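For reference, the structure discussed in these notes is given below.
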Amino acid sequence: MAASTASHRPIKGILKNKTSTTSSMVASAEQPRGNVDEELSKKSQKWDEMNILATYHPADKDYGLMKIDEPSTPYHSMMGDDEDACSDTEATEAMAPDILARKLAAAEGLEPKYRIQEQESSGEEDSDLSPEEREKKRQFEMKRKLHYNEGLNIKLARQLISKDLHDDDEDEEMLETADGESMNTEESNQGSTPSDQQQNKLRSS
């Protein structure tokens, strides 16, 4: 009989039957409205944003960033604040040669603005440095000028290469002329007497 009762019972699954869900819906409809609000408030979450900010983003956290103390690279602005500076529209238009000549003559004695600004800023920066730091900064700026003066280095290299090539050409010409003279003296020596050969040797030396 135990076998027959087991076969009559339905196998229960993990999922709820439709009959159980409909009965729960009827029961929930009978509940007052206040209980539904309590259930919704239990399901929703409230975030304490200030606590999250204080925990994960504290004010003293540096995020792995560090301050690098190195001399600033000079920036030279090409556009000036005065009216003489060319704007984009002026640059595209053709300028009359006489106007250009007058502007060049007027600007001939003036120093570029970026150099004036550089001198002013360097004076302000050097005032708060110790003598050792000033010397270190001066050496750094000198090395930077030497390093970034590549155009001069290329010109010097070209001059050295051309000088070496010119010297090599002269050496080759001298060897060729010396070989030619020795061949000429040998040919003349073959057709002359021993006394003539001695005279030729005395003349050449």
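Residue numbering: from 1, along the chain as shown.
Cβ atoms here come from the backbone N, Cα and C positions, even for glycine.
Residue-level annotations in Swiss-Prot identify, among Thr55, Thr89, Thr89 as phosphothreonine. Checking Ser121, Ser188, Ser192 against Swiss-Prot for the annotation phosphoserine singles out Ser121. According to Swiss-Prot, the listed position annotated as phosphoserine out of Ser20, Ser41, Ser87 is Ser87. Per Swiss-Prot, the residue from the list Ser23, Ser44, Ser77, Ser182 bearing the note phosphoserine is Ser44. Looking up Thr22, Thr92 in Swiss-Prot shows the phosphothreonine annotation sitting on Thr92. Looking up Ser72, Ser127 in Swiss-Prot shows the phosphoserine annotation sitting on Ser127. Screening Ser122, Ser195 against Swiss-Prot annotations picks out Ser122 (annotated as phosphoserine). Sorting the region 'Required for binding PPP1CC' (43-55) by DSSP state (H, G, I as helix; E, B as strand; all else coil) yields 8 helix, 0 strand, 5 coil.
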